[in-house]
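Quick look at what Swiss-Prot annotates:
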- G33, P34, N35, G36, A37, G38, K39, S40: ATP binding site (BINDING)
- 1-233: domain 'ABC transporter' (DOMAIN)
Amino acid sequence: MSIVMQLQDVAESTRLGPLSGEVRAGEILHLVGPNGAGKSTLLARMAGMTSGKGSIQFAGQPLEAWSATKLALHRAYLSQQQTPPFAMPVWHYLTLHQHDKTRTELLNDVAGALALDDKLGRSTNQLSGGEWQRVRLAAVVLQITPQANPAGQLLLLDEPMNSLDVAQQSALDKILSALCQQGLAIVMSSHDLNHTLRHAHRAWLLKGGKMLASGRREEVLTPANLAQAYGMNFRRLDIEGHRMLISTI
């Protein structure tokens, strides 16, 4: 797999690093760790929203060399839950994120996959928290999907499963898997270790802004590593062919 992003000694004040790593095309990378581990800080830095020590290369160029317009063509970023900036119909909000605004069928497909069909005419300020989260997810997917944006390379998601029910989480997993198969690199933070164990290709385990472990999900999500990160004991079980992590008292 080709390297999409390379991080070298990335650090921000006392909140992050220094840490190094790489993001590869066609893979799903999960950032896991307790609250305050630095996951959101790292994602914002990788998105080019903040600056600090160390270097980040994106598609072979220094991240700081990218203009905002060009960066938006090659990467999409979902920050943590935020309220709608202003009121507009959902379909209009989604269209604003499309580089090819003629692809109405793609908009409808993505909206349908996230059960937003009947929300397209509703105003963004009339949505529940879960509905707004799904609209935001649909927007970044439409921004970066190779189906309409051949330049799309990287999707960064900060706790995308927030406010989603089980069916909606499954729908998002299917979308992310399809994007990954099309060559997109996906980096997302997660608090659900079992979800990471099922769906991530690789994981970075963070604590206090430091990288405790990185590698394949099975190598990272070990009871020993998790005990170091969370200060509690874990067991890893195999149940009907599925691996599962449980905490022990």
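Each residue, glycine too, has its Cβ placed from N, Cα and C.
For A37 (ATP binding site), the number of other Cβ atoms no farther than 10 Å from its own Cβ, over all displayed protein chains, is 25.
Take the CB of G33 (ATP binding site) and look out to 10 A: across all protein chains shown you find 26 other CB atoms. S40 (ATP binding site) carries a helical DSSP state (H, G or I). For G36 (ATP binding site), the number of other Cβ atoms no farther than 10 Å from its own Cβ, over all displayed protein chains, is 13. Same-chain residues at least 6 positions away in sequence with a Cβ under 8 Å from that of G38 (ATP binding site) are, in sequence order, R15, L16, G17, L206, G208, G209, K210.
Counting Cβ atoms from all protein chains shown, K39 (ATP binding site) has 26 others lying within 10 Å of its own Cβ. Local packing around the Cβ, expressed as the count of other Cβ atoms within 10 angstroms, is greatest for S40 among the binding-site residues N35, S40. The secondary structure of G33 (ATP binding site), as reduced to three states from DSSP, is coil rather than helix or strand. P34 (ATP binding site): 15 other CB atoms within 10 A of its CB, across all protein chains.
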